[in-house]
Amino acid sequence: MHCSTCDRVSLWPVSCLQWSNYAMSNGGGGAGASSSTHLLDLLEEPIPGVGTYDDFHTIDWVREKCKDRERHRKINSKKKESAWEFTKRALAGVIDIVADWMNDLKEGVCLSAMWFNHEQCCWDSNETTFAERDKCPQWKTWAELILGQAEGPGSYIMNYFMFTFWALSFAFLAVSLVKVFAPYACGSGIPEVITYIDQTSSSNRFYLILEFLDNVHGLSLGKEGPLVHVACCCGNIFSYLFPKYSKNEAKKREVLSAASAAGVSVAFGAPIGGVLFSLEEVSYYFPLKTLWRSFFAALVAAFVLRSINPFGNSRLVLFYVEYHTPWYLFELFPFILLGVFGGLWGAFFIRANIAWCRRRKSTRFGKYPVLEVITVAAITAIVAFPNPYTRQNTSELIKELFTDCGPLESSQLCQYRSQMNGSQAYSEGSDAAATPGVYSAMWQLSLALVFKIIMTIFTFGLKVPSGLFIPSMAIGAIAGRIVGIAVEQLAYYHHDWFLFREWCEVGADCITPGLYAMVGAAACLGGVTRMTVSLVVIVFELTGGLEYIVPLMAAVMTSKWVGDAFGREGIYEAHIRLNGYPFLDAKEEFTHTTLAREVMRPRRNDPPLAVLTQDDMTLAELQNIISQTSCNGFPVIVSKESQRLVGFALRRDITIAIENARRKQEGIMLNSRVYFTQHAPTLPADSPRPLKLRSILDMSPFTVTDHTPMEIVVDIFRKLGLRQCLVTHNGRLLGIITKKDILRHMAQMANQDPESIMFN
């Protein structure tokens with residue numbers, strides 16, 4: 001017998017009328033015992049557990065909207081909302097501060113206050129100099145503490161050893177916490193959040209873990225994914241405190257949409273970009289009121305972050321920049337070239353990373369996640385330490401690459417001839433010829449670029465909390481800074497070329513290398529994620545560079561066009577497909593000419609559909625069908641002969657109703673008649689008490705005809721949030737189409753392995 005919904009992720013809508021009779025009960029029920037002289041009638045007595053979902057089952061948006069409308073009819077009092085916002089933002093600020101401290105712990109420790117990082121330790125020092133502003137007596141490297149010397153081969157080796165030791169320790173701690181306490185906290189978290197918000201039902205498996213370890217173990221990873229995950233943890237946990245959200249899966253997902261926006265907001269200090277990120281990349285359902293609530297969440301995030309001041313610069317943004325020169329029209333050409341590089345990098349990274357992750361799943365690599373993380377962390381630390389641009393924290397590297405050179409900058413990237421005289425301001429205009437220090441820095445950046453590209457491919461997807469925004473931006477910023485310095489020197493030595501003649505005068509500053517780094521960062525991030533509007537907003541919020549929005553737009557759009565030429569999937573969609581999550585991407589177009597009858601089940605040579613009849617089944621027959629199948633629901637028909645569709649009943653609701661009937665009613669036996677009609681069928685006098693299950697029956701299941709084009713069916717699934725629909729012909733039941741049937745069909749049309757569309 002073929003199941004009507006054999007997939008673990010199939011779903012069945014319940015009509016608003018039936019659902020309204022038990023929607024407001026505690027956990028779906030909570031009624032008292034019924035009289036033994038009356039038949040069990042669920043229209044009068046809600047049953048605890050009816051209408052809920054098992055873990056990893058997709059939810060029914062239509063039913064949940066009906067529940068919420070019924071709640072509004074019965075509750076007119078003022079609701080409490082968004083009580084979890086402050087906790088979420090404060091936690092993110094604490095994570096930023098602790099992550100900075102633990103990252104600097106790999107290099108040394110502050111003697112005056114152990115909890116201060118390197119920058120905070122030297123804030124109050126009166127013994128710093130202009131040339132060595134990052135050195136102060138209060139901050140000691142591990143070589144100074146252990147060997148008592150700051151220079152020499154022994155000091156270098158000791159610092160090298162301690163850097164590697166702390167990196168391995170933090171990596172081992174992160175992977176151990178994930179493996180022992182929170183298996184679902186590994187990876188980016190954003191593909192899981194996207195799928196969870198889209199459809200999948202789950203209990204509180206968004207484990208709140210020490211996800212700040214993602215940014216301190218030295219791996220080529222970022223923090224935006226874990227912070228989005230942490231924000232959704234808080235939203236999921238606190239939603240259980242309010243019946244409005246805890247009893248309605250669709251309303252809970254509105255909370256999580258706002259939470260994901262808040263996660264990006266607190267990760268980068270980009271509140272508006274976070275809202276747009278949730279709208280463009282994460283949320284399946286984003287009504288206007290969710291937009292308002294997400295905006296309010298961003299407001300709270302900005303207030304709390306500004307109060308905590310986690311970045312130590314009294315600013316909300318992570319990479320605040322202040323450029324002194326505008327951009328010129330001829331610079332659009334190198335900006336577009338950076339967009340091309342970003343698109344090529346994104347396409348290459350997605351293919352290489354997915355290939356490696358697939359190999360990890362199919363080989364012995366995946367069986368030893370702790371060993372793999374330790375190995376990658378050891379290689380990263382050993383190779384990264386000799387190069388100052390790979391040794392430092394990735395966020396600090398991006399900040400240095402974004403920064404415009406001036407008289408107060410001591411970076412090696414700013415060692416121009418005009419900087420030899422510290423008393424002369426950079427803005428006055430002088431020679432812009434680079435010294436050997438700048439060329440040396442460019443070679444180091446080139447090596448750092450190759451290192452970051454290779455390690456990011458092999459690192460993203462490890463069994464640790466991991467984000468992709470920061471490493472992608474670092475790769476783009478390195479490439480952009482190199483291109484910016486090259487264009488700057490070209491304009492200096494060849495200012496009489498027609499490209500530079502109009503804008504670049506001798507001794508004038510017309511090229512800003514930091515701007516190229518910012519554009520390159522946006523281009524590479526866009527190539528990996530395929531974001532557009534939200535990415536541009538995030539970057540100019542991240543840097544405060546609103547004046548440079550046109551170069552950002554040009555680079556991001558070029559990056560997306562180039563990346564789409566090699567495949568329209570972003571990295572998150574690719575990992576969703578790799579993991580087999582049941583996600584129907586709204587960005588993917590269905591262009592085939594198949595019909596519903598070609599996709600529905602059962603197909604030719606399949607066993608018949610598992611169905612229930614409305615009034616001529618016994619309890620033993622019903623339980624036999626349930627025990628012999630793994631279906632999550634069954635169509636109810638008039639009779640085997642007519643095959644006329646009556647409604648749809650959930651397996652879970654049927655089981656709960658039977659258990660409740662046996663507990664509260666006497667006389668329910670295996671030969672009791674089960675009926676789904678309004679009135680009980682005529683039975684002999686000696687028949688046992690019948691069992692009425694009409695109230696758990698969805699009288700208005702969504703149906704399509706067998707000649708409906710699949711293009712329309714796919715559009716219906718996407719826009720209505722369906723998990724299944726029934727296929728009929730002149731009112732006679734023919735089969736069923738679930739979301740997984742559509743995903744399998746789309747995979748077959750794309751010549752992919754349809755068996756990969758499943759939960760692992």
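For all residues, glycine too, the Cβ spot is worked out from N, Cα and C.
Annotations in TrEMBL come from automatic prediction, not curation.
Residues 328-350 are the range that TrEMBL records as transmembrane segment, among 98-120, 328-350. Between the listed ranges 255-279, 280-304, TrEMBL ties the annotation transmembrane segment to 255-279.
Within the domain 'CBS' (697-755), the DSSP-based counts of helix, strand and coil residues read 24 helix, 19 strand, 16 coil. Sequence-distant contacts of the transmembrane segment (328-350) (same chain, six or more residues past either end, CB-CB distance under 8 Å): 453, 456-457, 472, 475-476, 479-480, 483-484, 487, 499-500, 503, 510-511, 516, 519-520, 522-530, 551, 554-567, 569-571, 574. The stretch from 160-182, 370-389, 474-495 with the most CB pairs below 8 A to the transmembrane segment (441-462) is 370-389. Secondary structure of the domain 'CBS' (600-666) per DSSP, as helix, strand and coil residue counts: 24 helix, 18 strand, 25 coil.
Nonlocal intrachain contacts for the transmembrane segment (474-495), taken as residues 6+ away from its ends with a CB within less than 8 angstroms of a stretch CB, comprise 331, 334, 337-338, 341-342, 345, 389, 394, 397-398, 401-402, 413, 431-434, 438, 442, 445-446, 448-449, 452-453, 456, 501, 504-506, 510-525.
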